[in-house]
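The thiamine diphosphate binding site annotation in Swiss-Prot covers His80, Gly121, His122, Ser123, Gly153, Ala154, Asn181, Tyr290, Glu371 and rests on sequence analysis. The Mg(2+) binding site annotation in Swiss-Prot covers Asp152, Asn181.
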Amino acid sequence: MTNNMNNYPLLSLINSPEDLRLLNKDQLPQLCQELRAYLLESVSQTSGHLASGLGTVELTVALHYVYKTPFDQLIWDVGHQAYPHKILTGRREQMSTIRQKDGIHPFPWREESEFDVLSVGHSSTSISAGLGIAVAAERENAGRKTVCVIGDGAITAGMAFEALNHAGALHTDMLVILNDNEMSISENVGALNNHLARIFSGSLYSTLRDGSKKILDKVPPIKNFMKKTEEHMKGVMFSPESTLFEELGFNYIGPVDGHNIDELVAMLTNMRNLKGPQFLHIKTKKGKGYAPAEKDPIGFHGVPKFDPISGELPKNNSKPTYSKIFGDWLCEMAEKDAKIIGITPAMREGSGMVEFSQRFPKQYFDVAIAEQHTVTFATGLAIGGYKPVVAIYSTFLQRAYDQLIHDVAIQNLPVLFAIDRAGIVGADGATHQGAFDISFMRCIPNMIIMTPSDENECRQMLYTGYQCGKPAAVRYPRGNAVGVKLTPLEMLPIGKSRLIRKGQKIAILNFGTLLPSALELSEKLNATVVDMRFVKPIDIEMINVLAQTHDYLVTLEENAIQGGAGSAVAEVLNSSGKSTALLQLGLPDYFIPQATRQEALADLGLDTKGIEEKILNFIAKQGNL
């Protein structure tokens, strides 16, 4: 991809924020226009996150214009909105490689740039990390400023409010910017509100406010009256949210128009010199400046390559995704059972729950970015006699580990976890790979863990988990299913595998959707293939039979080898006193970088060719075949 920089005369001059700060203020609107157009052109040719970045163009320009980055430290929450930040901080020419193998990261990444203060990917971490960074700077008398940018979705998480509460108590100098990108600018975001916000963010108001507090502290009745007066003024002039953040110890300003570059620069210039925790609430429009994205910000959140002129996203006419298979199964169950409840922590579209939410709104809950609450909410529903199904990405279930153990498993409650994005997820990289769920769930008593090899088996396992009356998890990958015929639902025998092919000497014990590679290899190696189905309880009887009748056992999974399904097989062999040679194939002991799924599997030696090479090398080391 090459962008014609003749179309971007100002942007072509910007190779770092230092270059940006050389511009006159009256040049900033043109720069914003060019930056937005460049972002659209780039992402349309490479794929990636689009709508969020389009909405933060003015904010990004204003922040780097006012603050002396990287000396002043700027922290982006999640990172979807940070593409303009990457473009302005020396990575413009590398945008063609974003989310690709060996390319720049889709999120801010410390190893990539000194301007990326915090590596991110998951939500709601910015304020906690920012507070720690601000405290460290304060103790070192560094004189640097700390700014955290968090979205209206991410700030709903409990972790964000824990950090706000702590920051208010410490009274540390830092600025939190709430990027509120609802569908439209609210009524009170206009010239008057911007003017009032400039007054409240100014140094004169701040000095008078702090000085009067010192005096009035000695006269409690007057102090309380003035405090209530100030709160009333802010409540009238600003939004109801101001009271909440003021009570947490922040000086709240806003909401203000996040697309007015002149006002943002003036506001941030004022706020840069204020002491204590500051909170700036800006209103932006997701997809700003590109009509199709403004109309459908969810559809244009993450996009494949597309034609920016037509604005039409390519349709997926291939096999259904595992997410759709799950969503269809959930609808099928809801038609028969009013007690089934579908729950998602802000992943309705990604988890395939759109149709379910529309057809069965009373049986659907989107609890926002609140994974811990999600799991314990499901616990309560189960106690109340309902049948909760938690649809959650593998990487996000990590955030609710204590709730999984303490609230679900210890009480042995019938909560079904539909774990999407298990295994290699591809372009989103290390923060989103579903590499650890088998390992961290396998050690939990009462858990049933299932690994389908295709979409029909996935449906049967979901049904089995729904019917079993215990904590159960079904893990399935991102992307398209195999294309097998779907059969009527029936409960699988728990803890039992199925023998697919009988061979000699080598037995491949498959856990999950790498089964096609195992079957392809079995013909060449005359290997036995078993679809293990259950990681827990594991089929001990089958493992012992295979160990007695074969020279080599090979376990195959898309999970970390350490603590994974292969480790469960090793434990069975050890406890049974079997000495059969065991090769465990899975994800290695490092974080898997971004690449397509096919590229990643090839690099890891988990494609058909790589698996064959690993098996043959293992046997060669053992001495014979």
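Heads up, the Cβ atoms here are built off N, Cα and C, so glycines get one too.
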Next item on the list: Compile a sequence-ordered list of residues in the same chain as Gly153 (thiamine diphosphate binding site), six or more apart from it, whose Cβ lies below 8 A from its Cβ; state 'none' when nothing qualifies.
Entry: Ser123, Ala346, Ala368, Ile369
Next item on the list: Could you measure between Asp152 (Mg(2+) binding site) and His122 (thiamine diphosphate binding site) for me? Cα positions, answer in whole angstrom.
Entry: 14
Next item on the list: Within 10 Å of each Cβ, count the other Cβ atoms, then let me know which of the binding-site residues His80, His122 comes out lowest.
Entry: His122
Notebook entry, point to check: Which entry in the list of binding-site residues, Asp152, Glu371, has its Cβ near the fewest other Cβ atoms, using 10 Å as the limit?
Noted result: Asp152
Margin query: If you pair up every Cα among His80, Gly121, His122, Ser123, Gly153, Ala154, Asn181, Tyr290, Glu371, the residues annotated as binding thiamine diphosphate, what's the maximum separation in angstrom, rounded to an integer?
Written below: 32
Next item on the list: Please list residues from the chain of Asn181 (thiamine diphosphate binding site) whose Cβ is under 8 angstroms from its Cβ, counting only those at least six apart in sequence.
Entry: Ser52, Gly55, Gly151, Asp152, Lys283, Thr284, Lys285, Lys286, Pro297
